[in-house]
Each structure stands twice: as C-alpha cells, then as structure tokens.
Amino acid sequence: QPVTMRAYKVTVRTSDVRWAGTDAKVSVRLIGAEGKTTSMRVLENDSNNFERNAEDVFVVRDVDVGAVSRVEIKHDGRGVGSDWHLASVEVRVLDADGKDAAKSKSVFFFCDDWVKENAPVTLEAETGGGGRAKYKITVHTSDKRWAGTDASVTARLLGEADGVSSETAFFNLENSANNFERGRVDEFLIDARDVGVVQGIEIKMDNSGLGAAWHLRAVSVAKASAPDDATHFDHDDWLDGKTPSVLLRTSDPAKKATVRYVITSLTSDLRGAGTDAGVSIVLFGEKGETDALLLESSADNFRRGKKDVFNVDAPDVGKIIRVRLGHDNKGSFFGDDASWHCASLEITNTATDETCAFA
C-alpha cells in the first residue's frame with residue numbers, strides 16, 4: 001500500500017525562566033492515536049532556536065500518523081548548560097500548499113519542565129480542547145521587615161471550563177535578580193494551559209538562601225488579553241520552611257480583601273519627643289477594625305521633628321473613623337523614657353484615594 005505523507009507545523013515554546021534556553025540539537029517524534037509514528041526529526045531552522053521565552057516554528061514532513069496524540073522530544077546535550085526548559089509543543093496539520101489545513105485544529109502538549117541530555121520526554125495531548133493562554137501574574141510582597149526572599153518561587157493555576165476542573169503544571173516565577181524584595185510588585189507573563197475561569201493559585205517557595213522566609217501580601221491573575229479583568233487572591237502571611245506553600249482560592253471566606261494604606265506620621269519638635277520603641281496602629285472603620293499594625297520603615301523612624309511614611313497592607317475597614325496608637329516601650333533604659341510625642345497623622349486608602357487626618 002502507498003504511504004500517505006503529511007506536513008505538520010510544530011511550534012515549540014521555550015519557558016521564560018533562568019537558563020531555560022539550549023544550544024543542543026532538539027528532535028521530535030509524532031505519535032498517532034493508533035500507534036503510527038514519524039521518524040525522529042531534528043528541529044532546526046535558525047542559529048538561535050530554543051532561546052529563553054522564544055517561540056520556534058518548524059515544518060515536519062513525514063508519514064501521516066492520523067490524529068496526533070503524543071509527542072516524544074529530546075536533545076543531544078551539546079553546548080554548555082544544555083538542559084532545556086520546555087514550556088509546550090503545538091502540532092497542526094498543513095495542507096499541500098503549506099497552509100493550515102481546513103478543519104485542522106491545533107493539538108497542544110504541555111511540559112513546563114526541564115528536558116535533560118539524552119532523556120526523551122513523552123507528552124500527552126491536552127484533552128478537552130483547553131489550548132493554551134498567556135497569563136499576567138502580579139505578585140505583591142509585603143512592606144515589612146524581612147518580608148523579601150531570594151528563594152525560588154513557583155506557582156500553578158486552578159480553574160474550571162465547561163464544568164471540568166483544570167490546572168497547570170507548576171511554573172517558575174522569575175524574571176529579575178530582584179524579584180520578591182520587600183514592598184515590591186513583580187509582574188510575570190506566563191504561557192500555560194488555559195484553565196478556563198481561574199479559581200485558585202498555589203504558590204510555593206523552596207526556602208533557599210539566607211533568611212528565606214517570605215511575607216506574601218497578595219497575588220492577582222489575569223489573561224494577557226484582558227489585563228483589567230483580574231482575579232485577586234489575598235494572603236498577608238508568611239511562607240517559610242514550616243509552611244513553604246499555600247493554596248489560595250477565590251471562594252476562601254477566611255481571607256478578607258486587603259488594601260494598601262499610606263500612613264504619614266509627624267513627630268513633634270519637642271525635647272524628648274522621639275522614640276526607639278516599636279510603634280503600632282489600629283484602624284477603626286465602618287467595616288470593622290484591623291489588628292495592631294507595626295509602623296516601621298527605617299532605623300530612624302520617629303525622630304524629633306521627623307516625618308515618616310509607611311506603606312501598610314491590611315483588611316479594608318472602609319471609611320476610617322478613629323485610630324489607636326501604641327508602642328512596646330522598648331529602648332527605655334538607664335532612666336530614658338520611651339514615650340513618643342506624635343504631632344499629627346495622615347492615612348490614605350490607596351484603593352479609594354480617601355485620606356483622613358488626625359492631629
């Protein structure tokens with residue numbers, strides 16, 4: 001019997017993580033639902049194939065394997081640091097003119113993992129027609145002492161499409177040497193499985209580095225095509241060696257929406273007005289009250305005549321009615337008085353731009 005030949009468009013996406021790219025020779029084999037396979041084909045059409053965050057498109061001409069259900073992909077390990085972080089592979093049948101064939105649909109294969117030298121990876125076709133999507137993930141690190149981390153952070157998304165639950169593999173959140181510093185907002189563009197309506201995100205850190213504990217304030221997730229339609233997840237707690245991961249869900253009633261308050265204090269210009277004590281504040285509003293919030297942004301806070309500005313993340317209490325200031329009396333020794341003389345206080349809710357002042 002004559003062998004039917006077919007042209008396939010193979011799109012390979014390399015992950016956007018450190019050292020993801022490779023200079024090794026990459027090969028692929030397409031496997032059909034009935035077991036038919038192509039030969040192992042080298043994918044090469046440019047000297048810069050498989051760079052970090054790159055999308056490379058190849059045309060593979062081989063036997064018709066029918067509906068492609070699996071792909072086998074590998075590399076030969078050539079070059080320094082040849083390990084390769086593969087995000088996904090997309091396969092589509094082409095017609096005789098090299099164009100997308102009528103009625104042909106893309107088949108997606110997700111990896112989101114490292115491919116090692118001479119260690120072939122076999123990927124199963126994504127079922128349910130979910131396809132892939134680009135997500136904008138925004139991570140807010142709290143603005144408090146020791147909040148930042150140098151640990152590696154990964155995440156996965158959970159969602160639902162047409163009544164079917166879906167989730168991505170874990171992907172790295174890394175695009176700068178300064179990710180997850182205190183008070184920093186990091187944005188990542190992630191190419192991953194389309195999970196439909198986002199219902200949750202799991203965040204974990206590997207606890208690497210000195211003082212790796214990380215205070216995560218919040219995360220938001222949006223499709224890159226609709227960045228203003230984001231799903232928000234508040235945490236406002238530590239991730240550390242004992243609790244290295246957290247699963248945040250949209251339906252979690254225990255987590256109240258948080259906002260950022262900018263609190264500006266003015267210490268009186270009087271003898272003995274300043275303090276070395278730890279100062280805290282409780283906000284009372286129409287929607288409730290906060291816990292005691294530590295006001296700390298430098299070693300020189302609350303000096304005589306000095307204005308200090310603090311960025312504090314806390315539950316939204318609505319319109320602020322009153323506040324309660326307190327301190328821990330630390331720094332009082334050899335007869336010194338830790339008392340603090342506050343001249344004025346100004347608080348702005350950054351979500352509403354509403355400001356209230358106390359004097």
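Each Cβ is built from the backbone N, Cα and C atoms, and glycine gets one as well.
Just so you know, TrEMBL annotations are computer predictions that nobody has curated.
The following features are taken from TrEMBL:
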- 6-129: domain 'PLAT' (DOMAIN)
- 133-253: domain 'PLAT' (DOMAIN)
- 259-359: domain 'PLAT' (DOMAIN)
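With DSSP states grouped into helix (H, G, I), strand (E, B) and coil, the domain 'PLAT' (133-253) comes out at 0 helix, 66 strand, 55 coil. Secondary structure of the domain 'PLAT' (6-129) per DSSP, as helix, strand and coil residue counts: 0 helix, 62 strand, 62 coil.
Taken through DSSP, the domain 'PLAT' (259-359) splits into 0 helix, 51 strand, 50 coil.
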